[in-house]
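These notes concern the structure reproduced below.
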Amino acid sequence: MTRWVQTFLLLVAVIRSYAEDSCPDVKVIGVGASDKLTILRGCPGIPGVPGPQGPSGPAGAKGEKGFPGIPGKMGPTGLKGERGISGPKGQKGDKGDPGIPVVGMAQNCKEWLDQGASISGWYTIYTTNGLSLTVLCDMETDGGGWIVFQRRMDGSVDFFQDWISYKRGFGRQDSEFWLGNNNLHLLTVTGSFQLRVDLTDFGNNRTSASYSDFRIAAEAQNYTLSLGTFTGGDAGDSLYGHKNKGFSTKDRDNDSSPASCAERYRGAWWYTSCHSSNLNGLYLRGNHSSFANGVNWKSGRGYKYSYEVSEIKFRPQP
C-alpha cells in the first residue's frame, strides 16, 4: 500500500470520529484512474471588527396621529387664592310692578265666615300683597269674623319683649300670643275696621269695649295707633286716649314721658305718659299691690287688678 493511500485512510477515520462535533468538511474529487485530489474545508474564522456606520438615510414620511392616551388622575387641589377687591356698588334697580292680588282667597276672618266657616280656630288668610298668615278667628263673639291679635289667659308667655319681638309676633297658638305689629299694619292698611277688647276677670265676669276705624301705621311711623270713636261696651273706654301714639317697648321709647313707660310698667303699648290700659303688662292674677304694671284696664277693674283673660280683635267695619 502506498503512502498516499495510508494518508487518505487516516483522514477518513479522523473525519468519522469528529463528524458530529467538528466542522471541517472533506471532499475527495477524482482526477484520473490513479490520481485523487483531496479538499479539506476548515471552520469559520472569528468575526471581524464591525465596519463604520453608514450615512443616515433620508427622513421617512410623518406617520398618522395616534389615538389619545388614557387621561391621568386629577392632581391635588391647589391653595385657595386671596379674595379679590370688591367692585363698585351697582345702581339701584327700578321699582318692580305691584304683585297680582290673590283672587278667591280669604283676606280676613269675616270672609271665611261669609264662605261658611263657623268654628273658631286657626285659619290662613292673605294680605293684599299676597302674604299668607295663619290667624285665630273668633267666629262666635257678636256675630263672629274677628281676627284675634292678642290673647292673655294663663301667664305662660312672657310679654315683656323687645321691639323686634313685637314687630314679628310671638307666643303659642294654644295659649298666649301677639300676632305682630308688622302683620297688623299689613292687615289694616286698607279698609276700615272695628276693634273689640274682651276681658274676663278671675270671677269669670266678662266685659268688653269697642271702637271704630282701627288701623296700625307702618314701622316707619312706629306702628302708630289710629282709632275713630268709642262705640260702647261695659268695660268702659281705656284706649281712646292712646290714639295717635307710637308703640313703645323696653328697648324703643316712643311715649311722651321723660322716663320709659314700658320699663316702668313692665309692658309694651301705645303709651302716652303713661297709660289708662296696659294689656301687655305682667300677668299678676287678680288683685296686686303694685301700681299699674299688670294686665290693667283702668275703666274696668282699675290699676291694681290684673285680668285673667284678655283678647284684642278686629274685623271689617260694616
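Using N, Cα and C of the backbone, Cβ positions are placed for all residues, glycine too.
Remember, it's a predicted structure, so these values are computed and weren't measured experimentally.
For C109, the partner cysteine in a disulfide bond according to Swiss-Prot, taken from C43, C137, is C137. Comparing the glycosylation sites N205, N254, N287 by how many other C-beta atoms lie within 10 angstroms of each C-beta, the top residue is N254.
Taking the mean position of the Cβ atoms of D253, D255, S257 as the Ca(2+) site, the remaining same-chain residues with a Cβ inside 8 Å of that point are S248, N254, S256, P258, A259, S260, C261, A262, Y271, S273, C274.
According to DSSP, C109 (disulfide bond) sits within a helical segment. Rounded to a whole value, the Cα-Cα separation of H275 (carbohydrate binding site) and C261 (disulfide bond) is 8 Å. Neighbours of the carbohydrate site: apart from S273, C274, H275, residues of the same chain with C-beta atoms within 8 angstroms of the site's C-beta centroid are D255, S256, S257, C261, Y265, Y271, T272, S276.
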